Amino acid sequence: MSQSLFSLAFGVGTQNRQDAWLEVFYALPLLNPSAEIVAAVAPILGYSSGNQALAFTSQQAYQLADALKGIDAAQSALLSRLAESQKPLVATLLAEDAAPSSTPEAYLKLHLLSHRLVKPHGVNLSGIFPLLPNVAWTNIGAVDLAELAELQLEARLKGKLLEVFSVDKFPKMTDYVVPAGVRIADTARVRLGAYIGEGTTVMHEGFVNFNAGTEGPGMIEGRVSAGVFVGKGSDLGGGCSTMGTLSGGGNIVISVGEGCLIGANAGIGIPLGDRNIVEAGLYITAGTKVALLDEQNTLVKVVKARDLAGQPDLLFRRNSQNGAVECKTNKTAIELNEALHAHN
């Protein structure tokens, strides 16, 4: 068959005693695989169309490896390794970027992000939460919560310890992929589904959620919430916050432009343009009243912070004498008014 796919990946995962998927590891996910690859694997897997997660056997893995030998050496080598697995295997084929409908599909979408094959908001994650089971992430891998107590007792009786690192829907990214050229001081603070660009350093206080991330290079010592993308050369100071779109009913997509600095313990609820600075300790929400100052420190007008969203070269600060939130710029009053009207 000659068919194009949005994505294709061969994985090995963990199932509970009811054979329900807990997680899937895809070593080499493909975005827009060639029609030649699809034509080679479809007959072996029994795939015809649509988005499907198909379990396959070790024997099929050998057949797939042989079929891809002259087409994609890396995928062929991976399948040869998967054929030796004692864990369940799954091939996930996505004809289109539709909302995921199974746990293997959901995990493939998260892998595409963390492998830097797509950027945040570049893949459909609608309805992903019910597809990600809440599991115990332990030193022996993912464990169904209903089976955890028995396994803990079993380990103790053998003089061993079953250590639970977290109980969550999302595993840490680095258990699945470590992107090239990054530093992550505390790996538990970066979830699978994060996009960590080359040159990014995530320090101990930094956190990056799924469907969020950094272009890189940059320094992250604050929270990059779900849906937030940080431009290259931007730094997030210790304990700072970016408002996400998952809580509070917010539907504004927050982003940080290039060359920005968000000070320690500061926060933003608006998208920042390039080369913006937010003073340490200052939290700006969309409705914050901001006194707009020109290059002569003259008050131009008072606006809501949302009116300044995406504007470049702004310094947000709090007046230490009267507490007013001010925005300083290197533009004249006339240029400022023109920019505001153009934005509206």
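First residue shown is number 1, and so on along the chain.
Including glycine, each Cβ sits where the backbone N, Cα and C put it.
Swiss-Prot lists ARG223, GLY238, SER241, ALA264, GLU279, ALA280, GLY287, ARG317, ARG318, ASN319, SER320 as succinyl-CoA-binding residues, and of the candidates LYS232, LYS304 the one it assigns to that same site is LYS304. Cβ packing within 10 Å was compared across the binding-site residues ARG317, ASN319, and the lowest neighbour count falls to ASN319.
The local packing around GLU205 (Mg(2+) binding site), expressed as other Cβ atoms within 10 Å of its Cβ over all shown chains, amounts to 18. Each residue contributes its Cα atom, and for SER241 (succinyl-CoA binding site) and GLU221 (active site, acyl-anhydride intermediate) those atoms are 10 Å apart.
In this entry, succinyl-CoA is bound by ARG223, GLY238, SER241, ALA264, GLU279, ALA280, GLY287, LYS304, ARG317, ARG318, ASN319, SER320, whose most widely separated C-alpha atoms sit 26 angstrom apart.
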